[in-house]
Amino acid sequence: MAMIKKNRKVNPLSLLVVCVVPLNCCSTIIAKCDYLKLVLQWPKSFCLINSRKCQRNPLPSNFTIHGLWPDNYTRQAPQSCTTNNFQRFTDTDIEQRMEESWPDLKQQSIAGLSYNFWQDQWRKHGSCCFPPHESEIYFLKALELKDRLDVLTILENNNFNPGTPQPFSVLRVFNTISRAIGKTPILKCAQSYLKEVVICVDNNGASVVHCPRSRPRPRPRRDPCPFSDVKFP
């Protein structure tokens with residue numbers, strides 16, 4: 001017959017160690033990420049739609065980065081995977097590129113004011129698919145994708161020029177970008193303005209992939225661009 005062991009006193013400190021270690025380890029979680037979405041916003045549209053929030057002057061004359069966001073095909077997109085801050089850029093060239101290509105349009109054109117915006121993007125999105133020590137790699141990847149894909153040049157080469165008074169066919173804009181990048185993007189519109197262009201890439205950011213549910217469908221309420229025609233201010 002098995003003997004029943006007497007209860008031994010447990011040192012409270014040993015329990016404390018067991019509890020603290022997981023909390024420290026889990027301050028950053030790398031989530032499953034099937035692909036990344038490069039979200040490019042048109043500054044003039046942003047400011048027309050959000051006139052009270054827009055503080056940038058002068059406005060950039062090219063698409064700027066809203067974010068590089070992880071997503072999944074069959075499950076909810078991961079968000080807010082860390083509470084840790086990213087390290088400030090030590091390379092002034094990188095910071096200058098960030099100010100030009102990834103500015104906070106809600107802030108004035110003063111160096112350093114976009115850091116909170118970048119911090120939010122890192123905590124909410126970048127930290128879910130890049131390790132904590134690779135925050136700079138995350139930002140550099142977004143900059144590289146924006147320069148390589150160059151949506152404004154694609155549109156201008158096909159006579160979609162910003163500032164043109166007449167609206168453009170949403171389907172034509174969609175097809176033009178699709179042909180140029182070889183995959184389907186997502187167009188986002190508001191108040192009949194072209195607000196954002198989303199291009200999807202694999203989870204390494206190496207190759208462009210099709211964005212799910214991307215083809216425009218005029219007038220459905222939940223479509224990201226529910227218009228037949230759109231203005232490109």
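Cβ atoms are placed via backbone N, Cα and C, with glycine included.
Sequence-distant contacts (6 or more apart, same chain, Cβ under 8 Å) of His66 (active site, proton donor) comprise Val39, Leu40, Gln41, Glu196. Feature annotation from Swiss-Prot assigns active site, proton donor to His66; the stated evidence is similarity to another entry.
The Cβ neighbour count for Gln121 (active site), using a 10 Å radius over every protein chain in view, is 24. According to Swiss-Prot, the feature active site maps to Gln121, an assignment based on similarity to another entry.
Less than 8 angstroms from the CB of His125 (active site, proton acceptor) sit Gly67, Leu68, Trp69, Pro70, Gln79, each of them six or more residues away in the same chain. Residues or ranges marked as active site, proton acceptor by Swiss-Prot on the basis of similarity to another entry: His125.
Annotation comment: Swiss-Prot describes Gln41, His66, Asp104, Leu105, Phe117, Lys124, His125 as RNA binding site, evidence class similarity to another entry.
Per Swiss-Prot, the feature disulfide bond maps to Cys47-Cys54 (among others). Packing around Cys47 (disulfide bond) is summarised by its Cβ count: 19 other Cβ atoms lie within 10 angstroms of its Cβ, all protein chains included.
Residues annotated as disulfide bond in Swiss-Prot: Cys81-Cys128 (among others).
In this view, Cys189 (disulfide bond) is surrounded by 22 other Cβ atoms within 10 Å of its Cβ, with every protein chain counted. Annotation comment: Swiss-Prot describes Cys189-Cys225 (among others) as disulfide bond.
DSSP assigns Cys211 (disulfide bond) to coil, not to a helix or a strand. For Cys200-Cys211 (among others), the entry in Swiss-Prot reads disulfide bond.
If you look up Swiss-Prot, you'll see Asn62 (among others) marked as N-linked glycosylation site. Listed in sequence order, the residues of the same chain lying 6 or more apart from Asn62 (N-linked glycosylation site) and placing their CB within less than 8 Å of its CB are Ser101, Leu152.
The Cβ of Asn72 (N-linked glycosylation site) has 15 neighbouring Cβ atoms from other residues within 10 Å, across all protein chains displayed. Per Swiss-Prot, N-linked glycosylation site is recorded for Asn72 (among others).
If you look up Swiss-Prot, you'll see 211-233 marked as region 'Disordered'.
Residues annotated as signal peptide in Swiss-Prot, with sequence analysis given as evidence: 1-31.
Here the CA atom of Cys54 (disulfide bond) lies 9 Å from the CA atom of Asp104 (RNA binding site).
Across the residues the record lists as binding RNA (Gln41, His66, Asp104, Leu105, Phe117, Lys124, His125), the two Cα atoms farthest apart are 19 Å from each other.
Following the DSSP three-state reduction, the secondary structure of Leu105 (RNA binding site) is coil.
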